Amino acid sequence: MNVVHGYTLLLVFLLGTSIIFGPPRLAPDAWLVELIAVVPAGALFLLFVGLAAAGNGGNLFDMLDKAWGRTIGRMWTLCYIVYFLYIASRNVRDMIELVMTSILRATPPSVLIFMFVLVIAYAASGGIAATGRLSVLIAALVGFFFFALALLLVFSGSVDTERLLPFLSEGLAKVLVVPLKSSIWFPYGELVVFLVFCSSFGTARTFRRTGWLAMISACLLLTFSDLLQTSVLGMENIVFSIFPLLDAARMISIFNFITRLDALVALLIILGVLVKCAVFVHAATIGASRTFGRHRRFAFSSALLVGAFSILVTHNNAEHFEEGLKYVIYWLHIPAQLVIPAATLMLLRIRYRKGEREHEPRRLHDRLEPNRTRRGRADA
Amino acid sequence: MKGVRWLWTGLTLAAACALLSGCWDLTEVNRSALLTGVAVEPGKNGRHRVTFEVLNAAGAMPSQGQGSGVPTVLYTVEGNSIADTASRLNENVERLMMPSHVRVIVIDERTARKGLNAFIDLVQRSRYVREDVLLLIAKDVPASDMLQVLSPGGIYASWKIQSQVENFRKEWGGVPLSRLFDYTQAILVEGRDLTLGAITVIGNVKANDKGRSFQSAIPQSNVKIAGAAVFRDDRLIGYLSIYETRILNLIRGELEQTGVAFPLPNHEGHASVRVNRAHTHVRVAMKNGLPYIRLRIEGEGQLNSLDADLPVHKVEGFQALEQALSEYMREQTLQMIGRVQRQYGVDVFGFGEHLYRHRYREFQPIRKEWNALFAKAKVEASVKFVITGSELKNRSIRKQQ
Amino acid sequence: MTFGDTDDLALVSLRFCGKEGLLCYFTTLTSASFMMNYVIQPLAQASDDLAGEDATALLKEVRERCLSGLSSELSDQLHVLPMKLGRGYAALFAEGARDCLLVDVKELVTRSVEEPTSQNVIRGPKEGFTESAATNMSLIRRRIVTDKLRFERYEIGEKTRTEVYLAYIEEEADEEVLRQVREQVRSCRMVSLFDSGSLESLFRPRGYWLFPTVYNSERPDSVCSCLLDKRIAVIVGGSPFVLIVPAIFRDFFQSPEDHYQWFLVGLFARLLRYVAFLLSLVVPSLYVAITSYHQELIPTILLTSIAAQREGIPFPAVIEILLMEAAFEILREAGTRMPRLVGQAISIAGALVLGEAAVQAGIVSNINVIVVALTVISSYVAPVYTFGSNIRIFRYGLILLASFTGLYGVILGCAVLMIHLSRMETFGVPYMSPLSRMLGGKTP
């Protein structure tokens, strides 16, 4: 996988669903929240990069084994598999909710999910390089349609920047707190899944650079998307929207002819969720074939699980979003994205700093700080 | 052979799809009909009486369909809510309804006086109804009469009403923006009250019964735009004339173009100017606990008729005209704002919104009593219209003495 | 002899240099005048002083003096004889000699170099490959004057023994790809090979049959530009279509003509082809999906017009589209197989009867005919005919998907296609690498 594939993969992954939903409307000036969130998220990503460096070319599951020992490591691996599958199934649910409200109505969701799951399985079984190439295509499509939407909104005269005011009506403090509460974990924190593929990104340094670049571009795009949505719908109105971008797209009307581009929004989310799910399911299958030790392909079965869970996971919209904003963050995101990786990194540092200095350090050193060695050479 | 196996798998899947699918959401165009207009009136016993305008596609496209006949058919249903009537529509109609192309929702003024929120929710919630569907108030006549007006050439009532309202707004500014989206905005935003377009019918609607309207060059009945309907919250409290509505649009910055006929000084008749651009700068501040509103209206137009022989080939001629026009517009503006302040006491202009957006901290404490404050507000206006040209001729063509 | 009593085997006994000899060849592989002028006459005129004791030495002498202009060889291996005769050699036996002299007397009637029929250009060379591999190689060699151009000869087909040449430019062509191609060709077991088309499946990655991974061309200029582009050409004797591997997605949208024009025109044409490809793929399914599932997406007036047209049409939109598509498929099949004159009659019948009358009779709607016609025309835009033929199947899949889940199905179908494309690799080159060529992807 080359750098561009990696970058677009991360970008599409980050934009996937959040371009439709935007940040949760916990504070006014959501776009500012979006802009700020990238800073702590970037720091969180440094933790992942640290892990990738310490893992020495191995994937997340190797690191867990190495840090915690085989038994506990295997337990964490299982936890991560479940976590990945759960997140994937939530994403599928997001997508189905949108499809059921925007383009279909009476078709049983189970049929739609089954079709979708087949596609996910096909995408996931192709390997990360194929997914990277897929993401280039999808990034092109998503980018094209997103900017088409933006342009059409501007042309139909729906954009009114006055609607962004009043600015900071509830003070800066609230805006600063929200990213820590939610935006950092979603979508940025979900990058933890790429620890499974970090070796495909090259060295830890390229991983960091690619990741940061993708995060910054995603942040800018999301901020732009949020500004767009707010200036079309108004700050007061957007709180009532389940899918703000969808509601914004409904405002498009050019000569009464180009109207109702709901389908484009559905296309955006279907493709975005497809890439996200393919990555999650692929990660889970790697973990599964590692844990269960069989050289079987788990893609199809994992994908079916995702589909089934996406139906079982909640009863309705409200439950789905409330779970997402409250319980998932505290019970899943924070442990899986912060606590376990941090603990693993610490254990790796402690266990391998002294004991195995003889075997490990050179490679570790090279991976960690190629920057310094290069500069040293240049100085000499 | 791998290829053959794939082919069989594909064919089997395709067959399974075709056989097992319920085609749950399938709606064939030739088995359904478009819903194009809705009129809501109060019915018996506090129920709603809803009239649906259903399109007969072949009639509406006489050049393409095999048959022709009337472009639309009206059905009236009574029920407890609009959703109730809409879902029972097939009680009367043989085809499936496609509600996604509703263009106009006409609301009877009796219903509007009781409040709109209760049934607009259905419209806002539905993904089928477009955000740019027009919400109009039927003034003086029952709402369903609006949908009975037919025009030749397959133009049905809701199409006529929509394009009439749109064109009138764009060309002259005599009707406010009145889309569903504008309703939502006005209800949600602080410091602005709702206005919707108002229409009425002149002539005798019943004369349409035998399609006589088509035979005569003089329409037996016609829809006429009556200006704006003013609301307090979601209840109708009164109307503005088309001239007042134009001022309203001017202040809101929504006036695209218009034609102003204004009296010339010394009672020499009238001159008229085609205004192409107009813009209002609004300044709202709180002074001694009362809002102080300053308006700076700027506009630009072309002279297009002149009753008196003013020297418009010279600078002073233009200046005199500009001054007369500006003075006229200033008077109209202040008069109109004064009337709204006195008679309705609701801020339909969005002065409060301006305060809310730009001076949030000042607005926050007086949010609740804004309308009362507005009624007492002091308003100042400075108007400056520029006349940029006099079209083809430099002065009125007549024999020079 | 293994040939039995086939009629075209000529066994001519003749006397030369004082010895009895037997000349043996197939009359169908040479011409009488060629044999007369270049073989029999020199033999007959050969002076008797050549006559030596040793018959083998005599044959050698004859080979050097009388037949030196023809490629020939001495052989004592009788078992190669049938094959050599079949390849157009004449065998000369002399009494008392263990060896026989094999002389290449092949003189075949071949088609001369003509304008290619399947890949026309308005501007550009008008030469096309022929059925003769030798001619084809000469057409290539003429264009690429470099000492690095290589032809490697292989034979495929147990019965047909068809000659197959790999052409490539040494040091340019990727060694790894070359190794794989050689291996494929060597290990190929076929009974017969009459056209390069049958060879295509050799180079196809497993499980990916929807898109061709082998480019074929009738045009020497396009083959040569591919060779210079580090690829490998496969020339099959008896087929005017030369294969080029590895081929990626982009190649199928390029016509050699693009490079002979101002680049912007070429770019525009290429863009148009991509758009046409997309149109031919999704237009019918989008029509079905939108008119029968998502009417709210159509502007009111257009929908009114569609509804008015479909008034009284007995079929649902899907059936309508499938009917017309099937009719056009049949027309297409009939049109390509028929002689040109009859073909015209068919197209008139198709246009009039299917297009006009079906609409008049109220069986299909106008808009449906427009949709199908647009699809069919778009599907012909791809410069390589084979590209469109496989993807056609996918189009029907999309229509079916559209007919039961609307746009959702269409989007998923397109997603499957994209996944398929991005998973595909041919000889280690990602099929979609065109889109990321400048981005450092491995390109052929």
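Backbone N, Cα and C define each Cβ position, glycine as well.
The region 'Disordered' feature in TrEMBL is assigned to A:361-380.
As annotated by TrEMBL, transmembrane segment applies to A:6-23 (among others).
According to TrEMBL, the transmembrane segment annotation covers A:35-55 (among others).
Under the heading transmembrane segment, TrEMBL lists A:67-88 (among others).
Outside the transmembrane segment (A:109-130), and at least 6 residues removed from its termini, the chain residues within Cβ reach (under 8 Å) are 1, 5, 9, 88, 92, 95-96, 99-100, 197, 200, 270, 274-275, 277-279, 281-282, 285, 297, 299-300, 302-304, 306-307, 310-311. Under the heading transmembrane segment, TrEMBL lists A:109-130 (among others).
Under 8 Å from some Cβ of the transmembrane segment (A:136-155) lie the Cβ atoms of residues 4-5, 8, 11-12, 15, 19, 221, 224-225, 228, 232, 245, 248-249, 251-252, 254, 258, 261, 264-265, 267-268, 271-272, 274-275, all in the same chain and six or more residues away from its ends. The annotation transmembrane segment is assigned in TrEMBL to A:136-155 (among others).
What TrEMBL lists as transmembrane segment is A:210-228 (among others).
Positions annotated as transmembrane segment by TrEMBL: A:264-286 (among others).
Here TrEMBL flags A:298-315 (among others) as transmembrane segment.
Only residues 6 or more beyond the boundaries of the transmembrane segment (A:327-348), in the same chain, are considered here, and those with a CB under 8 A from a CB of the stretch are 44, 47-48, 50-51, 54-55, 63-64, 66-68, 76, 79-80, 83, 86-87, 90, 181-182, 185-186, 189-190, 192, 195. TrEMBL lists A:327-348 (among others) with the feature transmembrane segment.
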In contact by Cβ distance (the transmembrane segment (A:67-88), the transmembrane segment (A:298-315); 3 or more pairs under 8 Å):
yes
Give the nonlocal contacts of the transmembrane segment (A:264-286) in its own chain as ranges (CB under 8 Å, at least six residues past its ends).
9, 12-13, 15-17, 19-20, 59-61, 80-81, 84-85, 87-88, 91-92, 94-95, 98-99, 102-103, 116, 119-121, 123-125, 127-128, 131, 134-135, 138, 141-142, 145-146, 148-149, 190, 193-194, 196-197, 243, 245-246, 249, 297-299, 302-303, 306
